[in-house]
Amino acid sequence: MIILGIESSCDETAAALVTADRQVLAHRLLGQEAAHAPFGGVVPEIAARAHVEALEPLIVAALADAGLKLADVDAIAATAGPGLIGGVMVGLVTGKALAHAAGKPLIAVNHLEGHALSPRLSDPDLAFPYLLLLVSGGHCQLLLVEGVGAYRRLATTIDDAAGEAFDKTAKILGLGFPGGPAVERAAALGNPKAVPLPRPLKGSAEPHFSFAGLKSAVARVVGDYPPEDIAASFQAAVVDCLIDRTTRALNGLTVTPTALVVAGGVAANGAVRGALQTLAATRGLRFVAPPLWLCTDNAAMIAWAGAERFAAGLTDPLDTAARPRWPLDPAAEAVRGAGVKA
Ligand code: KG4
Ligand code: ZN
């Protein structure tokens, strides 16, 4: 069984072909960093136009890489949200058109489900339930992944996502865009204890994350310390918060997870991965993190989520709507704070 995956919810246009037995036959990706760099962040209108231009050639190239025709594909999985709505619509409409033209089923994938199930693509032994820390540019959540389509949200951010904090810190320090990798490189040259920075919600009885205060604190000390020391101290503060909140979630679980898992763009960060690995070891848990290319946005994770849903008999009608917001756990309570994306 072969699934074509399409991703266009943020600033990466991507197409991939993945089989139900975990072979990635092709995966193509075109980033838009250069187009957004002058603005220091993703501009939705520019992103949507870039997806329109890039997507079809990427699908054609992915099929050619795999030596396949559209007729060889068993189903088409496209991200249907959450994300920047113009971009999501480009990918979803393309998926619908291909599904209709080729007479194949459509699978509308939640982008967060793509991240949440991606560790099962790289690790065939990863069984449900697992505790997932999903840390990306748009999201920072702890989820108990109980099965395909069964996600319990244990915590989310009340303001900024962790990746957003990395991106804003990079902007404040003048390190460029995208910020996460730039902050990590600068941090490698700095002293993580040099700058006193807050750890918002660390030790709090509520389960959630908060990063807005940390970002503001960075803005207040800029110029007082070498940027490398600020970057290193910022990264250490983020790691502290992630570990504290993840530990709290582990302590509150009523089931024993098979593993501690991290996914999403910030999972590419070495300090974050290292600290989570240590936490897992102290709790006697397996630690699973997808390879770096599978952590940041890509279409293989969308194809894989499509394969998991298809195997469970889940397909979607061609009038499925694109959704700018789409919580993975519909039962999760709304949290205080504004600007929360899911
Ligand atoms: O999952 P992703 O590619 O897109 C979203 O769905 O948001 O995550 C992108 C985020 C960006 O905020 C980026 O700065 C961050 O992941 N990121 C990193 C690193 N690589 C990417 N953050 C910290 N360290 C990194 N090495
Ligand atoms: Zn993502």
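Counting starts with 1 at the first residue shown.
Keep in mind that glycine also has a Cβ here, set from the backbone N, Cα and C atoms.
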Further binder of substrate named by TrEMBL next to Leu134, Val135, Ser136, Gly137, Gly138, Asp167, Gly180, Glu184, taken from the candidates Asn251, Asn269: Asn269
Additional site residue, Asp244, Asp297, Asp316 [criterion: listed by TrEMBL with His111, His115 for Fe cation]: Asp297
Contacting binding-site residues, sequence order - Leu134, Ser136, Gly180, Asn269, Asp297 vs ligand 2, Cβ under 6 Å: Ser136, Asp297
Rounded mean pLDDT for the residues that make up the domain 'Gcp-like' (23-304): 96
For Asn269 (substrate binding site), the three-state class that DSSP assigns: coil
DSSP-derived structure type at His111 (Fe cation binding site), helix or strand or else coil: helix
Cα proximity to Leu134 (substrate binding site), best match among binding-site residues His111, His115, Asp297: His115
Candidates Ser136, Gly138, Gly180 (binding-site residues) - the one closest to Asp297 (Fe cation binding site) by CA: Ser136
Residues that sit under 8 angstroms from Ser136 (substrate binding site) by C-beta distance, when 6+ apart in the chain: His115, Ala161, Ala162, Gly163, Gly264, Gly265, Val266, Asp297
